[in-house]
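Novice: Copied straight from Swiss-Prot:
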{"type": "DISULFID", "residues": "Cys158-Cys378", "note": "disulfide bond"}
{"type": "DISULFID", "residues": "Cys213-Cys311", "note": "disulfide bond"}
{"type": "DISULFID", "residues": "Cys353-Cys357", "note": "disulfide bond"}
{"type": "SIGNAL", "residues": "1-27", "note": "signal peptide"}
{"type": "TOPO_DOM", "residues": "28-392", "note": "topological domain 'Extracellular'"}
{"type": "TOPO_DOM", "residues": "414-425", "note": "topological domain 'Cytoplasmic'"}
{"type": "TRANSMEM", "residues": "393-413", "note": "transmembrane segment"}
Amino acid sequence: MAEPGSQGHTVGPLLLLLLLLLPRALPEGPLLFVALVFRHGDRAPLASYPTDPHKEAASTLWPRGLGQLTKEGIRQQLELGRFLRRRYKAFLSPEYKREEVYIRSTDFDRTLESAQANLAGLFPEAAPGSPETDWKPIPVHTVPVSEDKLLRFPMRSCPRYHELLRESTEAADYQEALEGWTDFLTRLGNFTGLSLVGEPLRRAWKVLDTLICQRAHGLDLPSWASPDVLRTLSQISALDIRAHVGPPRAAEKAQLTGGILLDAILSNFSRTQRLGLPLKMVMYSAHDSTLLALQGALGLYDGNTPPYAACMAFEFRGSSREPEEEDGENVTVSLIYRNDTSRPPLPLRVPGCPAPCPLGRFQQLTAPARPPAHGAPCHGSYEPASPPATVPLLAGAVAVLAVLSLGLGLLAWRPRCLRALGGTV
């Protein structure tokens, strides 16, 4: 019998059963594979607005042009690369090896340059300042923006995605929030010279982007751009992002956006393991929208925009437990998010799974957000699923195996054919 006052420490049969049924975190084993998705570094504003007091001096303030990577952005990516070198020093070879690391970027100057700066920190021999005899340039792969469905997504070209977005923006809670900001957007339109009421919220976001970039570079903001105004603009931006990656129909949106990248990451790992390839790391240099869509697909969007050089890591590890336990799962997935250089990276947990998460459970939980095998509907037909986004090294290995299989098949077929024709074996 329990002593008085000790009832709170008694575990009943039902509670014990619930505890046993809860997903359990597995001990982390050796690192097998890493996928990194990071935002480009600090850049110039993407645009200006009619009454921008710094508009006339733009060519002086941003000598490389609007939207281009700044010196601070280069420094941020160099520092991120050095952080990655420290974290994965024991996992990666000291020098770049093409069979171990693959880098993909969107086809924008700022992301291509960010990838190069990052690699200069990760592999110092890739730094332009290295002695000429030691300098080893590292390839960064890309595809035209119009063809990029891995890191840019079919947002503008996909009718089905626009149907889903329209459903979100016509929802009662969205319209109610928007109505509450009508007076604010009217005043902001008067201040900026832009028409903002009844227009896509991205136009208001561009004002916020310009102000944030200018403030970060020590420029004076207009008197109307108070902290309260910037805070309200951030809230409007968060509403717009939720409409793009959140409910309703968040899973179907993800199948056309971040779920494509998530599926490619899982496919790259599984093929690497199945084929016994030496590939260890895949790096994606992209945008805040890429990370936001990926967070949406994982159910991890928290209302905040990823800062410059923010990085999400998918770390696949072998479990140290016996593979015959439970469902035979012996691989775990850990999600790491680095969004602040002054603090250690944050461990993330996919809803419904402990950290680290068993790979099978991770695949099960994220399946609704990933494109089905036949692809996700877009133009009345189907967008292809992940195979086109697979790292070419893996695709090449599959092709080689296919050729070998075909060759072996022909060798096996030839004697039977010759026998049928009465020829010699």
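Even glycines carry a Cβ here, placed using N, Cα and C.
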Novice: Fill in the CA-CA distance, Cys378 (disulfide bond) to Cys353 (disulfide bond), as an integer in Å.
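Specialist: Rounded to the nearest whole number, the Cα-Cα distance is 31 Å.
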Novice: About how far apart, in whole Å, are the alpha carbons (Cα) of Cys311 (disulfide bond) and Cys357 (disulfide bond)?
Specialist: 19
Novice: Note the mean pLDDT of the topological domain 'Extracellular' (28-392), expressed as a whole number.
Specialist: 92
Novice: Distance between Cys357 (disulfide bond) and Cys158 (disulfide bond) at the Cα atoms, whole Å?
Specialist: 33
Novice: In whole Å, how far does the CA atom of Cys213 (disulfide bond) lie from that of Cys158 (disulfide bond)?
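Specialist: Rounded to the nearest whole number, the Cα-Cα distance is 31 Å.
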Novice: Applying a 10 Å Cβ distance cut-off over all chains shown, what neighbour count does Cys357 (disulfide bond) have?
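Specialist: Around the Cβ of Cys357 (disulfide bond), 25 other Cβ atoms lie within 10 Å.
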Novice: Starting from the Cβ of Cys378 (disulfide bond), draw a 10 Å sphere and report how many other Cβ atoms land inside it.
Specialist: 18
Novice: Between Cys158 (disulfide bond) and Cys353 (disulfide bond), how many Å separate their Cα atoms?
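Specialist: Spelling it out, the Cα of Cys158 (disulfide bond) and the Cα of Cys353 (disulfide bond) are 32 Å apart.
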Novice: Please give me the CB contact count at 10 A for Cys353 (disulfide bond), counting all chains in the structure.
Specialist: 19
